[in-house]
Amino acid sequence: MIISMNQTEPAQLADGEHLSGYASSSNSVRYLDDRHPLDYLDLGTVHALNTTAINTSDLNETGSRPLDPVLIDRFLSNRAVDSPWYHMLISMYGVLIVFGALGNTLVVIAVIRKPIMRTARNLFILNLAISDLLLCLVTMPLTLMEILSKYWPYGSCSILCKTIAMLQALCIFVSTISITAIAFDRYQVIVYPTRDSLQFVGAVTILAGIWALALLLASPLFVYKELINTDTPALLQQIGLQDTIPYCIEDWPSRNGRFYYSIFSLCVQYLVPILIVSVAYFGIYNKLKSRITVVAVQASSAQRKVERGRRMKRTNCLLISIAIIFGVSWLPLNFFNLYADMERSPVTQSMLVRYAICHMIGMSSACSNPLLYGWLNDNFRKEFQELLCRCSDTNVALNGHTTGCNVQAAARRRRKLGAELSKGELKLLGPGGAQSGTAGGEGGLAATDFMTGHHEGGLRSAITESVALTDHNPVPSEVTKLMPR
């Protein structure tokens with residue numbers, strides 16, 4: 001924010017209001033600005049508005065003119081928006097927070113509760129869920145409070161001003177970089193399946209690098225955020241307002257420093273990730289399409305052709321959905337802030353509302369990610385169903401009716417029995433018999449579990465026709481080495 005000294009024009013306030021600041025005899029700037037909400041409010045990688053310079057002029061102890069009652073009420077209640085929008089924004093943010101927190105919590109529990117889910121690639125999804133959970137529980141509530149407040153609502157601790165801004169940026173950077181890492185990892189696994197697969201230690205190292213990079217990208221906010229206290233004119237003090245008003249501002253060393261950082265954030269947090277995600281998933285689409293074509297020629301069953309075509313269509317829809325949802329979610333907020341930084345228009349209530357809507361669209365990614373990376377993954381969906389329907393295998397429904405829990409319990413018993421039978425059958429097959437079940441070379445990669453990066457060759461297809469193997473009952477070690485990775 002720019003503070004201009006010794007100017008005579010009145011300061012521009014929200015909703016067209018004006019209030020003059022004043023300079024003391026010692027030439028230190030004292031001013032009161034009705035609201036610089038988006039200057040003092042940083043929502044992570046994206047910044048909001050740089051308002052015009054705060055102008056100061058002489059103001060006597062009683063004020064140069066009477067203040068509007070609405071303006072006085074906003075100061076006394078520390079509200080930047082009127083009641084209708086105030087309650088609507090709280091409700092809309094509340095819905096996002098609840099659904100986002102619930103979905104991401106399910107993902108975290110699903111990975112932690114069972115060892116079989118703690119794979120190297122699931123760590124990326126776990127990391128994304130943790131960052132999105134922080135978006136829901138930290139970034140959104142803090143941002144909502146700052147949007148609704150006319151001045152800094154969190155007391156006089158300057159470290160809190162710096163930390164909150166950096167934490168908001170950190171969560172968004174981690175979320176978008178994690179999405180990019182997931183896309184790149186899937187590209188490597190599916191397009192280059194013969195390369196060494198990612199190990200657990202390697203995945204942990206990459207995740208540590210993601211957090212370190214995000215922390216580095218967010219660190220300028222910790223450096224340049226400052227908490228300042230402005231003296232309140234006597235007129236407002238007489239009606240009960242505190243002696244000083246706190247603002248958490250960005251104090252960049254140059255006038256355009258904030259604009260440059262906004263450009264940098266736009267590139268790192270939006271343009272580069274959307275480019276990588278789009279290119280990676282387009283490459284995956286082409287690879288899967290070529291595999292399906294090869295296997296379709298070799299397939300002897302019309303039903304198998306239909307099933308592979310259905311799976312390919314589902315995968316294509318998922319690929320397109322991930323890229324589009326990511327782009328659409330973050331586009332409004334990034335370009336709103338870029339436009340606002342260039343225009344430096346006075347902040348009004350309508351601008352605050354537009355900003356809040358763009359911000360909620362961006363934060364909606366925290367709600368969609370558990371669906372795209374969790375529910376659409378067969379492994380995670382089964383875990384979600386078990387978490388949401390915790391019942392024992394012997395649970396008996398009331399009134400003698402069968403419930404969904406009973407059905408799931410029976411299904412789990414069948415899967416367990418199938419796994420035991422499959423182990424016996426595979427031992428009878430032996431290495432030679434197992435090898436004969438493959439579809440042969442690249443053609444054997446008939447279908448790909450896109451969400452996990454595991455391939456299904458002719459061997460697994462042959463097995464699953466007789467015995468239902470699930471992700472909780474993986475292929476035994478006797479034949480794992482024969483399957484392409």
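Any Cβ shown, glycine's included, is placed from N, Cα and C.
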(message) Identify the disulfide partner of Cys248 as annotated in Swiss-Prot; candidates are Cys157, Cys161, Cys358.
(response) Cys161
(message) Looking only at the topology recorded in Swiss-Prot, are Ala120 and Cys317 found on one side of the membrane?
(response) yes
(request) Would you confirm whether the transmembrane segment (123-143) and the transmembrane segment (318-338) meet the contact rule of 3 or more C-beta pairs below 8 angstroms, pairs 6 or more apart in sequence? (result) no
(message) Can the transmembrane segment (92-112) be said to touch the transmembrane segment (356-376) if we require at least 3 CB pairs below 8 Å and skip pairs under 6 apart in sequence?
(response) yes
(request) Could you break down the residues of the topological domain 'Extracellular' (144-163) into DSSP helix, strand and coil, giving a count for each? (result) 11 helix, 0 strand, 9 coil
(message) Give me the DSSP three-state residue breakdown of the topological domain 'Cytoplasmic' (113-122), ordered helix, strand, coil.
(response) 7 helix, 0 strand, 3 coil
(message) Based on DSSP, tally up the residues of the topological domain 'Extracellular' (339-355) by helix, strand and coil.
(response) 12 helix, 0 strand, 5 coil
